[in-house]
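K.L.:
Below, the features straight out of TrEMBL:
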- Arg136, Pro137, Tyr138, Lys155, Val162, Thr204: FAD binding site (BINDING)
- 81-187: domain 'FAD-binding FR-type' (DOMAIN)
Amino acid sequence: MWRHLQRSCHRPLHPIYSRPYSQLPGKNVFTKHNISCSAPPELSSGKRIANVLIAFCAGFSIYFFLDEPASQFERPSNSPNKFILSKVISNEDSGPGTKLLKIAAPTYFLPHNNTANSFDPIWSVYIKDDDIQVERPYTPLNGVDENGQMTFWIKKYPNGEVGRWLHTKRIGEPIEFRGPLTTWTWREDTWDEVVMISGGTGITPFVQLFHNVISKSPNTKTRFTLLHSSRVPEELPPPSLLDPMITFSIDNPDKLKFHVFVDEQDGSEPSTSIPAIYTGRISENTLKRHVFPEEPKISWWMSLFTNPPPTPDPRSRRILFLVCGPEPMISAIAGPYGRNFSQGSVGGILGKLGIVSDQVYKL
């Protein structure tokens, strides 16, 4: 969940007025019979050398000690505390109370133009409501594209000042943002499995992780599972978010498993084709079924002839849970945030399953 303008000023040109020769005092030096002119006095060799040295020193000082003139398009630093001026490229409806907002960023905001490591997923920017001077974090879905543009999926909440303000923005209107700010840092091959649990627009960090890591890391040993929940089918994310992940999970089931849930079926339809939609909230049984599946049981008579190895505890794997969504959902899944939105202790469903704090991160 960005800002700068520069202006140049030009010095006005003033005409230089000089007195005409006819108004100069004294003789008219251009008369027919007065064409001689006096030669300038000759400088001594010592004075001539002194003048040359003075000119050389002056040029040397100008070249080495004077600052270069500031460019009209001087690049400001990517400081997370410095606002960058942008503008709206598009702002399209994407479902009940949601919009896909695309804004422009300066070319120097492109990741390949930034030497810092601040564009590694997951990162966000703060967008400021200029009317009331309030800012909120938002996650660019694809990061920054090759055109220096960022796309956000934004929901309008009754008490969400910035979200409501962004829904009113039109093409070409200015928007200020600052960032990037790291939300969570991906580390290659640190985890055997990463389980992402999201609700509503909380899926946006995982969309960014998908586009920047999951779909671009064919050799990674980490497996990913995404469990996403919305209230009703029509409030599920739009096709531009879901379709790439659904297609990838079908083609690469060993790398990404994607399961979609709705709290209830109200007769509405999702905006895209989804192979399966589970009804009901994400629960303890949901995690046991999709994350901790039990090994098939062997009949008693087969056990007389076989000695199967003991089934390892799935919680002994290097598994990480990333949770993002409305606060009530986060509390139910992983326990509430701590003070000042710190991680707090692990509770909820994950706490019951014996998951410890270094295996959970609340976004």
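Including glycine, each Cβ sits where the backbone N, Cα and C put it.
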K.L.:
Going by DSSP assignments with H, G and I as helix and E and B as strand, what are the residue counts for the domain 'FAD-binding FR-type' (81-187)?
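P.N.:
In the domain 'FAD-binding FR-type' (81-187), the DSSP-based counts are 13 helix, 47 strand, 47 coil.
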K.L.:
Over all shown protein chains, what is the count of other CB atoms within 10 A of the CB belonging to Tyr138 (FAD binding site)?
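P.N.:
By my count, 25.
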K.L.:
For the FAD site made of Arg136, Pro137, Tyr138, Lys155, Val162, Thr204, how many Å separate the two farthest Cα atoms?
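P.N.:
In whole numbers, the farthest two Cα atoms are 17 Å apart.
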K.L.:
When you measure from the Cβ of Lys155 (FAD binding site), how many other Cβ atoms are you left with inside 10 Å?
P.N.:
18
K.L.:
Check Thr204 (FAD binding site) against DSSP and tell me helix, strand or coil, would you?
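P.N.:
The residue in question, Thr204 (FAD binding site), is helix (DSSP, three-state).
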K.L.:
When you measure from the Cβ of Thr204 (FAD binding site), which residues in the chain that are at least 6 apart have a Cβ under 8 Å away?
P.N.:
Tyr138, Thr139, Leu141, Phe152, Trp153, Cys324
K.L.:
At a 10 Å cut-off from the C-beta of Arg136 (FAD binding site), count the other C-beta atoms across all protein chains.
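P.N.:
That number is 18.
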